[in-house]
Amino acid sequence: MSTVPPIFTATSAYSLAFVASVGAVAYLASKTLLPKNASWQDRFTFIWLAFDGIIHYTLEGSFLYYSLFGRQVATSSGLMAQMWKEYAFADFRWAVSDPTVVSLEILTVFGVGTICFYVLKQLVQDDPARHYWIIALSTSEIYGGWMTFCPEWLTGSPNLDTSNVLYLWVYLVFMNVIWVFIPLWLMYDSYGHIAKSLRLAQASEKVKKD
């Protein structure tokens with residue numbers, strides 16, 4: 001007779017604690033590096049991108065370490081490996097170095113993660129050029145999420161386990177949906193800034209010609 005796996009384990013606890021601690025670091029960094037009169041939009045953007053970049057470099061970076069050069073999470077040991085083994089209960093592909101997932105993570109860690117920190121620098125300097133990079137970054141995040149899950153959906157989701165409440169609603173839904181909705185909001189916000197600047201520039205040019 002098979003036993004039902006526990007919904008919440010010690011690994012679940014320190015995995016979620018790790019994510020929460022990254023969020024706390026991102027918040028404290030915003031309080032330290034941004035001016036006190038920064039808008040709530042810029043402060044939220046800073047916190048998100050600091051959180052995002054740290055997650056990409058540390059958590060997802062460790063996944064690449066365990067998944068390249070013949071390695072895989074399933075046969076690795078260590079604290080971060082245990083965290084990925086926990087996530088792999090929800091999505092088995094992360095345990096076996098699935099080439100599509102690994103390819104996306106290479107792009108995410110070295111590309112998206114790096115852009116996160118570049119935009120943080122622009123935010124601290126109040127450089128309006130950040131809005132271009134925010135849109136590029138957010139598009140990459142949404143694309144990465146789509147290419148992670150669309151192949152599964154098209155094949156009947158054979159690698160996903162939705163029977164466990166934690167796996168379904170925290171690991172699969174919440175931990176992935178935030179990388180869709182927040183980038184969408186960032187794109188909307190940055191589009192507004194870019195469109196406003198271009199329209200003002202256009203209006204100024206018309207005034208000069210008149």
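Backbone N, Cα and C define each Cβ position, glycine as well.
Residues or ranges marked as domain 'EXPERA' by TrEMBL: 41-187. Marked as transmembrane segment by TrEMBL: 12-34, 46-68, 101-120, 132-154, 166-188.
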Completion exercise
Taking every residue in the domain 'EXPERA' (41-187), the average pLDDT works out to 95
Practice task
Provide the three-state DSSP residue tally for the domain 'EXPERA' (41-187): helix first, then strand, then coil.
Solution key: 119 helix, 2 strand, 26 coil
